[in-house]
C-alpha cells in the first residue's frame, strides 16, 4: 500500500476574476480570493483543499490571509508525519491547537480526504459511505442589476435549461426599495422559476416583521437569514409568521448551533456549507442533528472555486440529508477555468465529478496565472 504519511503541506493564494460583480448585503466583489492547500504524502500523492469565504472577513471573521497564517503556523505541525487516513484523529488534535477558524480547517479536512481517496484509487464520496445519486439541483444567484435585466438573465437561464431556481441578495438597499425590486422579479418569473432571497442577517426584527410577509405575498418561496444569526428567537418568530420555509445560514456553523435551531423551531431549512462547518466530518454532524429534528438541509455555497465545490458535490451526493437542493454554482461565477475539465452543469443540476479523490484535476498553468504575487 502507498505510504500515507504526510511529508509536506503547501498553501497558495489565488485571486480569480468573476464574470460580473457579486453583491452581498455589506460588500461586493469582482474577484474571489481562494486559499489552495496541498497535502502531499510520502507515496507521492497530493490532495487539495480550498479555504474560501464569500468576499472577505465580513461573514465569519476569516480571510484567505488569516487562513494561510493559521494553516502554515499552527496546523502544519499537527499534520506532518501523520497519515492522511487519520482524519478522525487529526481534526480533534487541530481543534486543541486552533479555536474556531472553521474555514481554514475545512481546507485541511478536504485536502486530507482528497489525498486519502486518491491513494486508495476511489472517489471521496466512497469515504463518506458512497454516492446514492449522481447529481443535485442547483440554484443560481442573480446579480444586483436593474430588475428588467435580472428578469431577462433569469429567463435566458430557464430557456437554456441551466437553472430553474434563483436567489436574490437583499440588505444593501432601503428595505422598501429592495422589497419592491424582488417582488417585481418574483412575479415576472412566477410559474417559470422559483425565487428565494437572502438578507445576510442585515435586517432588525421590526424591519423583518414588516417586509418578510410582503416578500412572501409577492411570490418569494424561501426566506434566508433575514435577521442576525444569534437572534434565534426572532428567526423563530418569523418562521411561525410565514407559510414558506425560513432558512438559517449565519445561525448555524456548528453541530450545537443546529441543535439550538431545532430546539427553538427557528428554521425549516439549514444552509449547510462544508466550509463554515469546518469540513466534511463536521458537516455530517450538523446534517445528522437536522435529520433527527426533521429539518431539511440545503447545500449552500461560500462562492467556492472548483476544489471546494467538488468537495461539496461529493458530500451532497453521499448525504441523503441534503434534501433541499443546492446552490453549488461557484465555478460558474468565475470568468477563468481552473480545472483541466470543468464541472458539469445542465438541466438545473450539477453533476458529481468522476475519478479518484475529488474527481477533478487542476490546470496548473491557470493556477499559476491567478496566484497572488
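Just so you know, glycine gets a Cβ as well, placed from its N, Cα and C.
What Swiss-Prot says about this one:
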| type | residues | note |
| --- | --- | --- |
| ACT_SITE | 169 | active site, proton acceptor |
| ACT_SITE | 169 | active site |
| ACT_SITE | 327 | active site, proton donor |
| BINDING | 198, 224, 249 | Mn(2+) binding site |
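Structure with Swiss-Prot features highlighted.
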| residue | record | Cβ contacts under 8 Å, 6 or more apart |
| --- | --- | --- |
| 169 | active site, proton acceptor | 23, 24, 25, 141, 144, 197, 198, 199, 200 |
| 224 | Mn(2+) binding site | 167, 196, 197, 198, 199, 246, 247, 249, 271 |
| 327 | active site, proton donor | 138, 139, 140, 141, 167, 298, 299, 300, 301 |
(request) For the recorded Mn(2+) site, enumerate neighbouring residues of the same chain (Cβ within 8 Å of the Cβ centroid of 198, 224, 249, site residues themselves excluded), in sequence order. (result) 167, 197, 199, 200, 225, 247, 250, 271, 300
(request) Mind giving me a neighbour count for residue 249 (Mn(2+) binding site)? Other Cβ atoms within 10 Å of its Cβ, every protein chain shown. (result) 23
(message) Among all protein chains shown, how many Cβ atoms are found within 10 Å of the Cβ of residue 198 (Mn(2+) binding site), not counting that one?
(response) 25
(request) Could you check what DSSP calls residue 249 (Mn(2+) binding site) once collapsed to helix, strand or coil? (result) coil
(request) Return one of helix, strand or coil for residue 327 (active site, proton donor), based on DSSP. (result) coil
